[in-house]
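Asker: The structure follows.
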Amino acid sequence: LECYQKSKVVTCQPEQKFCYSDTTMFFPNHPVYLSGCTFSCTEEGNRRCCTTDKCNR
């Protein structure tokens, strides 16, 4: 999972999408955000695929 950070915004390679998920919860009401760039991101559950880590499509 390789990302590039430009001005506090992480971008991916042109053919990649930034995928983040907030489904992992080790403690109640404390979601752990998992994010990274991937070639194959599937939007299922609470996962979202975006062009940047701010999730603007």
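Using N, Cα and C of the backbone, Cβ positions are placed for all residues, glycine too.
Pasting the feature list from Swiss-Prot:
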- C3-C19: disulfide bond (DISULFID)
- C12-C37: disulfide bond (DISULFID)
- C41-C49: disulfide bond (DISULFID)
- C50-C55: disulfide bond (DISULFID)
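For each listed feature, how buried is it and what is near it?
Answerer: Mapped onto three states, the DSSP output places C19 (disulfide bond) in strand.
The Cβ of C37 (disulfide bond) has 19 other Cβ atoms within 10 Å, all protein chains considered.
Under DSSP, C49 (disulfide bond) is assigned to a strand (E or B) in the three-state scheme.
C50 (disulfide bond) is surrounded by 18 other CB atoms, counting those within 10 A of its CB over all protein chains shown.
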Asker: If one looks at the chain holding C49 (disulfide bond), which residues at least 6 apart in sequence have a CB under 8 angstroms from its CB?
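Answerer: Non-local contacts for C49 (disulfide bond): K17, F18, C19, C41, T42, E43.
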Asker: Is it possible to get the count of other C-beta atoms within 10 angstroms of the C-beta of C19 (disulfide bond)?
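Answerer: Excluding its own Cβ, C19 (disulfide bond) sees 23 Cβ atoms within 10 Å.
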